[in-house]
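Feature annotation from TrEMBL assigns domain 'NADH:quinone oxidoreductase/Mrp antiporter transmembrane' to 23-264. Annotation source TrEMBL lists transmembrane segment at 26-45, 57-78, 98-120, 132-150, 162-180, 187-206, 218-239, 251-271, 298-320.
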Amino acid sequence: MFLFSLFLYFLMYLISFHLVMNSDDWFLIWLGLEVNMIMFIIFIYNQYDMNSFELCLKYFFIQSLGSGMFMGMFYLGMENLKSAVCLIMSYKIGAGPFFFWFPSLSMMVFWVFYFVLLTFQKFIPLILMNVFMDYLMVLIGLMSLFIGVFGSFNQNNLKRLLAYFFIFHLGWIIMCNMTGDFAWMMYMFMYMLMLGPLVFFLKYNNVVFLGELIKLKYMFFFMFLMLSMGGMPPMLGFFVKWYALSVMKFLSYYVFLVLVILSVVMFYIYFRLLYDYLLDGVQNSFWLKWDNKINMKYYWVDILSSLGFLLGSMFMVFIII
């Protein structure tokens, strides 16, 4: 049943993606957004779980409000169309000043759906932001960076913490979106390579809260993935940010400085997370206590993360050179 729902979701996702990319009619673009929303709700709905029902209602009302403003904006003939579209799309993806709904809602999502919520559900609004490019996106991107950094402090729930981490990366993606090319897609794809193994690793270990990290038997996987997402050289996350800075030539020196400083602060948050919850449990760590009967699911997580690191790093270096 789950595989059928997954297949149906991606089938309708491709249809909604096609409607948005190949339509000149605003109604069809709105229809693509609605199809995408409805199929995600069907995908995450579980009739035997009341929390799932509450999650679906919240997500429906939040996204419907954004879609309603999107349609009303065109039929009422609003001025400053580009700025309005950017604001509405940032609301739908939980960026900038409209982040308030995203961390709390992400806590209610199961890990598998969590990955879809943080990745595939953001593509269509980001594409529309790329089409209706406006310099307001710089402000939205900077606000997302600040919110991601300061919201990450004193978080105990891993889903909520990763949501703030995503808001930070979303700031980088929006800034890349200002280049007018596909640099933001490159950043998003590399982020998915880092996030995917991490989410599935946490799912298989049934870890939700930071205090539970100490019980992880194979800490090396978690540490490797977190350092990569934090941007530690020479890992994939570092090359992603390096590539993003190389294409954002339109920004002023001061904006560049803010991006670098906030990235350093965010890396400090990643490092403190590893220090507090992993190094204290080093006696159970992967490299000091090897188990010859490791479950095969950890092998493919390690292989996927390693391939993402090696191939992604080589590709990013090739692009920059």
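Placement of Cβ uses the backbone N, Cα and C atoms for every residue, glycine included.
Away from its own ends, the transmembrane segment (251-271) comes close to residues 138, 142, 145-146, 148-149, 152-153, 165, 168, 172, 175, 226-227, 229-232, 241, 245 of its chain (Cβ-Cβ under 8 Å, at least six residues beyond either end).
For the transmembrane segment (162-180), the partner stretch with the highest count of Cβ pairs under 8 angstroms, out of 26-45, 57-78, 98-120, 218-239, is 98-120.
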